[in-house]
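Q: Marked as topological domain 'Cytoplasmic' by Swiss-Prot on the basis of sequence analysis: 1-35, 111-128, 179-186, 238-267, 424-686. Summarising the annotation, Swiss-Prot assigns transmembrane segment to 36-56, 90-110, 129-149, 158-178, 187-207, 217-237, 268-288, 403-423 and lists sequence analysis as the type of evidence. What Swiss-Prot records for 57-89, 150-157, 208-216, 289-402 is topological domain 'Extracellular'. The domain 'Ferric oxidoreductase' annotation in Swiss-Prot covers 119-666. The FAD binding site feature in Swiss-Prot is assigned to 320, 321, 322, 323, 324, 325, 326. As annotated by Swiss-Prot, N-linked glycosylation site applies to 371, 383, 384. What Swiss-Prot lists as NAD(+) binding site is 442, 443, 444, 445, 446, 447, 448, 449, 450, and the listing cites sequence analysis.
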């Protein structure tokens, strides 16, 4: 087969405008496939997605998913090495492209004119599902509206692409038939060109760099253009699309009515924490919809004194989402806000909308009085006394261990969960990555049980959205046999443990590959950290202070972080470190700069590390409940008490949560996916 025959084959099989088809039947097929596309789209969004979210919570389905992710598609498999496996964006792109391509091409019989008409009609048919995905909160069960935004973005991209192709092919069809000038003078076609221009404007401003440059411009263009597109498409489409327009208007107006219903005005108090963080407070009674679960969020808008500006803010609700850092029963609602573009003025009025509940499937509020005699609680560490059961901190927790990673102001998501999970006897670890050690001052404004909290101070400059957590995805065959794990305890000493020691009696034993080897062969290190020499650490003094003067001076913070030469004084010696309140001395600053607080007090139970954490086998061992006490001579305690049972049954009670910057959430999600664990991420970044 030569090149000429290949070209001729394509010419014969490619769609063409020369196909002779009855105009009436062509119109019927275009309407038929667009309606089927609309119906199936709503079935996928309203039935299949919630059903999948529900099935993931069942033990049987979790075991299947765990086996596939942790064993079949582990790091040795070729599937794991592909970008498609890890990138949700690529998966959605492929699914949306195949889905729409089927309805565009199926049954067209090579008629390019019918395909062109279908592109326009299907892009209109996808508008109601596209707008439905933006509803806040989502009416779908077991579904957080933030989790639907990636699907919303890819459907919108497909709609824009089909609109462009629809316009281009129609212009070409008019040109070859010498009707371009005549057709383009008709008003409906002009409306179509204007709608395409608005689609392109939305696409350009939706690029990530444009969004980060000016989110306000992106939002205004997005909101106004959406309404205008609905109007222009209504008058452009032939035959009419009254039912599509009705659905679109109902969705948008319903969202407006609900937003106004849960919006109120409050007067806030601003408490400065550091140069980068502030605490916003207002009474719980001013919140229109009281929160039920911890980790919810609300949306805030400025209350303008000018009536016209207030009307405009209701017309185009440019709101900022913030996670509620206080627990639902507190009298004050507290928000930890990163100082930036959002203006913060104490004793001023703001519009507040919400609260919006999180989608944490393992936690719920008891709806009926708890009977002490029943065995509804599977947690053996839970105190079922009547006084604690009647506490506002009492929740039904369907998890035994919760591992959380947050970055920057994402600590708002972790603090209320940490307090409630600790109260209900759940083993919990909270890793907070922060750039500035002064942000630790925010902990003193919250009444909390900080057991299980670890703070990693990167000491680097930049935007909060650039905060990351490391997950090095590689496989070393030698590590399966003898893997040395380096970790830093609260006393600053380095403990090295091999994988074999976890299940041994003290004598070396040959290791056989097991179902946990894939993740337990990874190294858990603290990036850019060199443990200090013991001789360099002086004895702990009576003041029990932590001095960061040489660790994070302004002139050396970037250099020291890169070389891992951070230094501590009188803070990493003795097992009692971080078990009592600590006092941090800030680094020396330039005299010209504003004076910083003399000392920063850290609550008891908090562990502080330097650098950036790396997720690995030590963290997975913690999820498996196989971590060892480094100070215990005998390693008999390292045996997993229930090693005979199916470990997937236990891991179904383990959850991994992440909140904050996109990079941190993606790394945590990949680590949790490779381990076959439940994962929930929450990010307001678009």
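Quick reminder: no glycine exception, Cβ is built from N, Cα and C everywhere.
Distances, neighbours, how buried they are, the whole picture for these features please.
A: Confidence across the topological domain 'Cytoplasmic' (1-35), taken as the mean pLDDT and rounded to a whole number, stands at 84.
When Cβ-Cβ distances below 8 Å are used as the criterion, the topological domain 'Cytoplasmic' (111-128) is approached by residues 15-17, 19, 21, 26-27, 29-31, 33-35, 37-38, 41-42, 100, 103-105, 155, 158-159, 162-163, 165-166, 169-170, 173, 192, 230, 233, 237, 241, 244, 247-248, 251 of the same chain, each at least six residues removed from its ends.
The residues of the topological domain 'Extracellular' (150-157), classed with DSSP into helix (H, G, I), strand (E, B) and coil, number 8 helix, 0 strand, 0 coil.
Outside the topological domain 'Cytoplasmic' (179-186) by six or more residues, the chain places 171, 193 with a CB less than 8 A from a CB of the stretch.
For the transmembrane segment (187-207), same-chain residues at least 6 beyond its ends with a Cβ under 8 Å from one of its own Cβ atoms are 120, 153, 156-157, 159-160, 163-164, 167, 217-218, 221-222, 225-226, 228-229, 232-233, 235-236, 238.
Outside the topological domain 'Cytoplasmic' (238-267) by six or more residues, the chain places 27, 31, 38, 124-125, 127-128, 131-132, 134-136, 188, 226-227, 230, 282-283, 286-289, 303, 314, 317, 347-354 with a CB less than 8 A from a CB of the stretch.
For the transmembrane segment (268-288), same-chain residues at least 6 beyond its ends with a Cβ under 8 Å from one of its own Cβ atoms are 261-262, 298, 300, 322, 330-339, 344-350, 352-355, 409, 435-436, 438-439, 441-442, 445, 464.
Here the topological domain 'Extracellular' (289-402) is broken down by DSSP into helix, strand and coil counts: 13 helix, 32 strand, 69 coil.
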Q: Residues sitting near the transmembrane segment (90-110): Cβ under 8 Å, six or more positions beyond its termini, same chain?
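A: Cβ under 8 Å, 6 or more out: 13-16, 19, 21, 29, 33-34, 36-37, 83-84, 118-119, 122, 126, 150-151, 154-155, 157-158, 162.
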Q: Is the transmembrane segment (36-56) packed against any residues at least 6 beyond its ends, judged by a Cβ distance under 8 Å, and which are they?
A: 62, 65, 100, 103, 122, 125-126, 128-129, 132-133, 140-143, 148, 151, 244, 361, 678
Q: Which numbers of helix, strand and coil residues does DSSP report for the topological domain 'Cytoplasmic' (238-267)?
A: 20 helix, 5 strand, 5 coil
Q: Using DSSP, how many residues in the topological domain 'Cytoplasmic' (179-186) fall into helix, strand and coil?
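A: Helix, strand, coil within the topological domain 'Cytoplasmic' (179-186): 4 helix, 0 strand, 4 coil.
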Q: Please list, in sequence order, the residues in the chain of residue 322 (FAD binding site) that are at least six apart in sequence and whose C-beta is under 8 Å away from its C-beta.
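A: The answer is 280, 297, 298, 299, 300, 335, 336, 337, 412.
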Q: Closest to residue 326 (FAD binding site): which of the binding-site residues 442, 444, 446, 448, 450, going by Cα position?
A: 446
Q: Can you tell me how far the Cα of residue 446 (NAD(+) binding site) sits from the Cα of residue 325 (FAD binding site), in Å?
A: 9
